[in-house]
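**Q** Provided herewith is a single structure, encoded as structure tokens, for subsequent inquiry.
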């Protein structure tokens, strides 16, 4: 039996959850098997992220992706035709070489990633395997999920500077049971916010976007909601934050402008300590310092790495070279993994492997501009015992991922998943 090869690569312009254009790619093999992928996009982006190719001009506010689509349908299609879909690394490297830039800016990371993801899906389909099995092998575990239920920063139009307030199930249990707890807290939170006199409109990621005065008020609302839903903060449900500190860091004075205060590195650490003391269920912080504030991040890691999970997002941008540098410097103890920050499946998996090898936890992440694509749900299972954040249990583009995880758990027949506990954080 002849091995199937790539016969055609085709892209089209579709729209994401914020009504912005994005790229959908179909990779068709010589035996008729097809793999499809849809590319997400972010509202808050790190300086070192791979570059999305946008059209500019007046059409669709300059955000059209017809150039990226055309690059897939011409150059990339011609280059990949006849290649082995199972050789993911070779396919991805072919596109990187074809692009010829350090940030995938000529062809567009949105074009390259769409093809990379769709190729993996096509190979899995051709091999009659679910994607998580194709990417991950045999011994698999369900991920621990983090749910953004109060939105601030770049994700909402309110007075909260910290970007995300998340809840996570931490009792060792099935994914379904943990997710049901999250849903209960989410609906309880809506009532708590209404009782506090706040609007309960939703942000980009399905979380509420109340016009609160500060982060402490948001954490109090979460703490109260966990208890009112019948759970114990820090035992059943934990809290995590994406500080996204680059967005309240002022480059001119080198200070953090947070909730009416102007803070240096040490004062910002004191601010975080106050939150950690008041809310011991707060167990994970993402990007607590600016992506270029190496001293601040390293000092905070040294003093807090055994107390909380410190997740690097903008600091590493899912880039193996930047992660290697962060590890050498002693920054963080967990890596956030976003496919479109680096632009290929191969480089994403390399970053995950490097993280694990060096004792860093790994958290797979969605973007604020999402689609119904569930690739990241399968990826989170494939990496075995990782973490996943993909928004609140609301808005279909978020819930699609959680429903996919429910399907996977059913297929695996797993009654229990690996859970993250704060006591596990020790990377000395």
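The backbone N, Cα and C atoms fix where each Cβ goes, and this holds for glycine too.
Sharing the features that Swiss-Prot gives for it:
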- 205: active site, proton donor (ACT_SITE)
- 338: active site, proton acceptor (ACT_SITE)
- 163, 338, 367, 368, 389: (2R)-2-phosphoglycerate binding site (BINDING)
- 242, 286, 313: Mg(2+) binding site (BINDING)
**Q** Taking the Cα atoms as reference points, how far is residue 338 (active site, proton acceptor) from residue 163 ((2R)-2-phosphoglycerate binding site) in Å?
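**A** Pair distance, Cα basis, whole Å: 17 Å.
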**Q** Please classify the secondary structure at residue 368 ((2R)-2-phosphoglycerate binding site) using three-state DSSP.
**A** coil
**Q** Using Cα-Cα distances with a 10 Å cut-off, which of the recorded positions 205, 242, 286, 313 are near residue 368 ((2R)-2-phosphoglycerate binding site)?
**A** 205
**Q** If you measure from the C-alpha of residue 313 (Mg(2+) binding site), which of the recorded positions 163, 205, 367, 389 fall inside 10 Å?
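**A** Cα within 10 Å of residue 313 (Mg(2+) binding site): none.
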**Q** If you compare CA-to-CA distances from residue 367 ((2R)-2-phosphoglycerate binding site) to each of the recorded positions 205, 242, 286, which comes out shortest?
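**A** For residue 367 ((2R)-2-phosphoglycerate binding site), the spatially nearest of the recorded positions is 205.
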**Q** Measuring Cα to Cα, tell me the gap between residue 242 (Mg(2+) binding site) and residue 389 ((2R)-2-phosphoglycerate binding site) in whole angstrom.
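**A** If we compare the Cα positions of residue 242 (Mg(2+) binding site) and residue 389 ((2R)-2-phosphoglycerate binding site), the gap is 11 Å.
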**Q** So around the Mg(2+) site, 242, 286, 313 aside, which residues have their CB within 8 A of the centroid of those CB atoms?
**A** 163, 164, 241, 243, 244, 285, 287, 311, 314, 336, 365
**Q** Where residue 286 (Mg(2+) binding site) and residue 205 (active site, proton donor) are concerned, what is their Cα separation in Å, rounded?
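**A** Between the Cα atoms of residue 286 (Mg(2+) binding site) and residue 205 (active site, proton donor), the distance comes to 16 Å.
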**Q** What is the separation, in Å, between the Cα atoms of residue 389 ((2R)-2-phosphoglycerate binding site) and the residue listed as 'active site, proton donor'?
**A** 10
**Q** For the C-alpha pair, I'd like the distance in angstrom between the residue listed as 'active site, proton donor' and residue 163 ((2R)-2-phosphoglycerate binding site), rounded off.
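**A** With the alpha carbons as reference points, the distance is 11 Å.
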